[in-house]
Every structure is written in structure tokens, then in C-alpha cells.
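Undergrad: One structure follows; several queries about it will come next.
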Amino acid sequence: MSSIQPARQPRRTPIVALLAGVAAVAGSYATAGFTPAFVVAPVEAFLTRTVPDAVLRFAVTTLGTFAGIDHFGQLLNLALAVGLATATLSAVSFVALVAARRFGGRSASARLASVGLVGAATWATTALLTGRPTLSLAAGLGGAAVVAVAELAAATGGSAAGADSTAADRRRLLGGVATTFGVGVVGYLLGSSSDSADTAASVSTDSAPADAEAVESGSSAERTAADEVSEEPSVVDRYLAEAERRSLDVAGLEGLVSTDFYQVDISNVDPNLRADQWSLSVTGSVERPLSYTYDELTAMGTEHRFVTLRCVSDPVDGKLMDTDLWTGVPISRILEEVNPQGSHVMLRAADGYFEEFPVEALTEGFLAYGKGGGPLPRGHGHPVRALIPGHWGEINVKWVTEMEILDGPEKGFWERRGWHGTGPVNTVAKLSASERLDGRRRVGGHAYAGTRGIERVEVSVDGGETWADATLSDRLPAGTDESGEAAEDAWRQWTYTYDDPGREHTVVVRATDGTGAVQPREEEGPYPSGATGWASKTFPK
Ligand SMILES: Nc1nc2c(c(=O)[nH]1)N[C@H]1C(S)=C(S)[C@@H](COP(=O)(O)O)O[C@H]1N2
Ligand SMILES: [Mo]
């Protein structure tokens with residue numbers, strides 16, 4: 001029976017289009033991994049830039065850790081972005097399928113056209129969003145594969161329409177689902193293994209310097225990075241061992257060097273920069289605008305510094321405060337060459353982030369290209385980030401690419417959203433660990449006051465009535481030389497052991513900074529200028 005009426009649209013077309021969209025996203029992930037070339041990344045960046053400030057602030061602070069899940073707000077944003085990217089690719093697939101049917105009916109050439117059109121449409125959309133046409137090819141392949149198998153499955157059972165069409169529709173759907181599943185699994189496996197390839201390359205160069213092939217094929221910039229950091233393993237190892245030795249021992253309390261460094265980013269998908277393609281330009285009100293390649297920068301010096309970072313959104317009892325040994329160059333070296341004339345600086349980064357602060361703070365700053373004895377990890381700003389002593393984490397710009405000297409103040413990314421997080425950190429003593437030692441109890445935590453330093457930590461075991469001095473860890477070494485000086489911007493640990501009163505009681509902690517100022521008692525949330533108040537914990541009988 002030949003059909004002369006216009007071809008009926010198969011009932012399952014919207015579902016096949018949806019499956020093609022899912023497969024296209026999976027295909028994109030297969031080649032791009034979790035990098036900005038992944039089709040979800042531009043959608044996510046768009047969401048971050050357009051969500052109302054209040055929603056973003058809510059996501060970062062309130063949802064920062066929600067239901068025990070770290071970065072819950074960001075995960076929500078990511079899920080939304082995945083959904084939107086899938087919807088977009090499904091929509092263009094649907095248009096492609098309808099167009100093929102409209103112009104070719106249910107002929108074999110129409111089926112072929114639908115495969116080609118869906119492939120082209122998903123590829124073009126992904127390329128348009130990411131700006132990476134070659135890496136987007138797999139998105140088109142994923143979409144096309146689903147339609148190809150679906151059409152093939154529909155065509156194999158028999159040629160007639162009418163009674164057979166329901167069976168054909170079912171086969172089309174099954175073929176589509178199976179292919180989407182296959183593309184999804186392969187995409188996931190390929191994408192996760194290609195993830196962060198650039199950083200992985202420099203790490204492996206670092207650990208295998210004797211492998212001439214690896215060194216040869218690695219970029220010269222990566223080689224320098226690895227060499228600079230690994231040249232003096234003994235120095236780094238010595239400092240790390242010293243930090244270990246100075247750490248106080250309380251069950252469950254992290255040492256003076258963090259094993260799980262917190263991470264705060266405006267985007268879920270971090271930049272994936274190559275050291276040999278990176279450069280830092282110094283612009284604006286300077287006598288000599290200059291630009292530095294990675295090789296040039298790392299050739300300017302290799303110093304090690306223990307530095308603590310704390311996010312302005314960290315609650316008094318939060319976990320957004322950590323310390324590591326960073327390797328890099330003092331920013332003053334660069335400032336001597338460019339001779340800044342302005343009063344402020346704007347640091348800009350590859351993820352579109354920007355933060356502004358006074359030039360005086362910049363003068364004391366550090367450009368880190370190593371962390372914990374290895375290259376700077378991707379999530380912490382690979383290949384280079386700023387470390388500004390004593391200031392909230394947000395001006396410690398990662399993936400930094402431009403340093404613009406300004407003649408006056410301007411607002412940074414978070415300040416445009418109402419935060420005041422460019423200044424010095426608040427003083428804090430955290431109460432993060434406790435253990436029972438037959439009849440006694442030991443409590444402990446970290447205390448940090450930026451460059452003011454921690455002078456004293458006091459503990460009350462009766463809810464703030466009476467106070468006693470806690471034991472403080474020795475200050476971390478400066479790291480720049482063997483002079484025995486202390487790190488200027490690092491936390492200390494404190495512990496206190498007392499006889500358990502045998503009834504419910506509340507332990508309260510407060511720190512005193514190097515200027516003699518006691519951590520303020522009034523409780524304020526993190527927004528807009530950092531949490532205040534004393535950490536406290538009630539222990540049951
Ligand atoms: N480029 C860039 N730099 C950035 C951020 C960012 O989102 N993008 N987040 C900032 C914030 S809010 C903090 S608290 C610190 C956190 O540094 P970490 O992720 O290495 O711990 O990085 C800062 N630098
Ligand atoms: Mo932050």
C-alpha cells in the first residue's frame with residue numbers, strides 16, 4: 001500500500017529528539033571533558049552571570065553546604081545548566097527531524113537526511129556555544145548516531161505504514177534509547193579520563209624528569225614549572241616536615257598543612273589553561289606596560305610561603321579556611337619593572353572573574369605557580385594565581401591573566417553583588433575537634449587573623465563565664481629563608497584539655513590577634529563582610 005497523503009510524523013519524534021540531545025551532550029563531554037569546551041560550560045557561565053545577585057549569594061552562603069553536600073548551590077546550578085544544554089540540543093534535533101520528514105516524507109533519503117540534519121544541527125549549536133568547532137564534532141556524532149540507529153531499527157521490521165507503524169515506532173524508540181545509553185557510557189568514560197589533561201601532563205613531567213620523551217614532548221613552559229618546583233624537593237620537603245612536626249595532636253584535627261584544601265569558584269567548570277599558552281599582562285596606569293610568559297615569570301624567582309586562605313563566606317564554624325606551602329614569585333619584582341602610578345588594581349582571570357583592591361596590598365603579594373611541592377592544581381588556578389597576604393580569599397585571584405592598575409576604586413565581581421570582601425580577614429578561632437581521654441576532654445582547632453597574627457586563644461568550658469589560655473602551636477616557618485622567622489600570613493592550631501564536668505556544658509573559644517584585639521563577641525553572618533562571633537559547642541553529659 002503506497003501512501004500519497006503527507007507523511008505522518010512518527011509519534012515518538014520528540015523522544016528521539018530528546019535522546020539525540022542527551023547523546024550530543026555526552027558526545028561533547030567525551031572530547032572536551034569537564035573543561036570550557038564542554039557544551040554545558042558556556043550555559044553554566046551564562047547562568048552564573050545572569051542569576052539575580054540575591055540568588056547567587058544564597059547559593060554560595062546558605063546552600064554552600066546543604067544537607068551535608070559541599071557546594072550544593074553550585075551543583076544545583078550545574079544541574080540546571082546540564083538540563084538547559086540538553087534541552088537546547090534536543091530542540092534543534094527536533095526541528096531537524098521535523099524538517100527532514102516534511103521535505104522527504106518517509107523515504108529512505110528522508111531518513112538519511114534526518115541523520116545528517118541532526119548531526120549538523122547538534123554540532124553547529126555546540127560549536128556556536130563553545131567556540132570550539134573541532135571539539136564539538138563528537139556532539140554531532142552522538143546526536144546523529146541516535147537518529148541513525150532509531151531510523152534503522154524502524155525501517156528493518158517492514159516497509160509498510162499503517163498497522164506496522166506502531167511496531168516501527170517502538171523499534172525506533174528502543175534503538176534510540178540503546179544508542180543514547182551506549183553513547184552516554186562511552187562519553188562519560190572518555191570525558192572523565194581526558195579531564196584536566198593539561199595539569200596532568202605537567203604533573204607527570206614533574207614525576208618523570210628522566211623520561212627524555214616526556215620532557216621533549218612537554219612544552220618548555222611546563223618543563224620549567226616542573227623543574228622549578230622539583231629542583232629543590234629537599235627544601236619543600238623540609239618545610240612540609242617542619243609543619244608536620246609543629247602540628248598539635250587532637251583526634252580529627254587537620255594538621256598545619258591542609259590535606260583537603262577548600263575551593264570556591266564562580267563556575268563549576270574551571271579554566272583549563274596551558275602554562276605555555278598563558279601570559280600575564282600588566283596594563284593601566286603604569287610607566288611601562290609589560291607582559292610576562294610563564295617561562296619569564298618563573299625565571300624571576302622561586303620562593304616558598306606557608307599561606308592561609310579564608311573565604312569571606314566562611315561561617316565562624318565553617319570549613320572554608322585552609323593552609324598550604326605555595327611556591328612562586330613576589331609581585332614586587334613585577335611592580336619594580338612596570339612602576340605603577342595608580343592607587344588600585346584590578347586582577348582579571350580566565351574565568352571572567354575580576355577583583356579590585358588597593359595597590360599597597362598588591363605590593364606585598366605573591367604570584368604562586370606551585371602548591372604543596374607540585375605544580376598549581378587546576379582547581380586552585382593553574383598555572384598562576386595571586387596570593388595577597390592577610391586578605392579575604394576572594395582577591396586571591398586564580399587563573400590570573402591581567403593586572404590593571406587603576407587611578408581609583410572600582411567594584412569587583414563580588415562587590416557588585418553586595419559583598420565587602422576585599423579587605424583584611426576577621427580574627428577567628430574555630431572549634432573543630434574534640435576527643436575524650438578517660439575522664440578528661442581535649443578540644444582543638446585553628447585560629448587565624450591574617451597578617452596581624454594569632455597571639456592568644458582562650459577557652460571557656462562554662463559557656464563564657466571563666467576563661468583559660470589554650471596551648472598554641474609554634475608558628476609556621478617563613479619559608480623564604482632559613483632565618484627562623486615565622487610565616488607572616490598563616491594560621492596556628494590551639495588545643496585545650498580539661499576535666500570533663502560530667503554534665504552538659506558549653507565550650508566557647510576566642511582568639512586575640514597580634515595587635516591585642518580580642519575577636520568580637522557580637523554574632524554576624526558572613527554577608528556582607530565576614531562572620532563574627534565566638535565559636536562554641538555544647539557537649540552532652
Ligand atoms: N579566577 C577566580 N579566582 C578566584 C575565585 C574565582 O571564582 N575565580 N574565587 C575566589 C574566592 S571567593 C576564594 S575564597 C578563593 C578560594 O581559593 P581556592 O579555591 O584555591 O581555595 O579564590 C578566589 N579566586
Ligand atoms: Mo571567597
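Glycine is treated like the rest: Cβ placed from N, Cα and C.
When I checked TrEMBL for this same protein, it listed these features:
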type	residues	note
TRANSMEM	78-100	transmembrane segment
TRANSMEM	112-131	transmembrane segment
TRANSMEM	137-161	transmembrane segment
TRANSMEM	173-191	transmembrane segment
REGION	199-233	region 'Disordered'
COMPBIAS	199-212	compositional bias 'Low complexity'
DOMAIN	271-414	domain 'Oxidoreductase molybdopterin-binding'
DOMAIN	438-522	domain 'Moybdenum cofactor oxidoreductase dimerisation'
REGION	513-541	region 'Disordered'
Undergrad: Between 0 and 100, where does the mean pLDDT of the domain 'Oxidoreductase molybdopterin-binding' (271-414) sit?
TA: 97
Undergrad: Of the listed stretches (78-100, 112-131, 137-161), which one yields the highest count of Cβ-Cβ distances below 8 Å with the transmembrane segment (173-191)?
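TA: Between the stretches 78-100, 112-131, 137-161, 137-161 has the largest tally.
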Undergrad: Tell me the residue counts in helix, strand and coil for the domain 'Oxidoreductase molybdopterin-binding' (271-414), as DSSP assigns them.
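TA: Taking each residue of the domain 'Oxidoreductase molybdopterin-binding' (271-414) in turn, the totals are 27 helix, 60 strand, 57 coil.
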Undergrad: Could you break down the residues of the domain 'Moybdenum cofactor oxidoreductase dimerisation' (438-522) into DSSP helix, strand and coil, giving a count for each?
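TA: The composition, in the requested order, is 3 helix, 41 strand, 41 coil.
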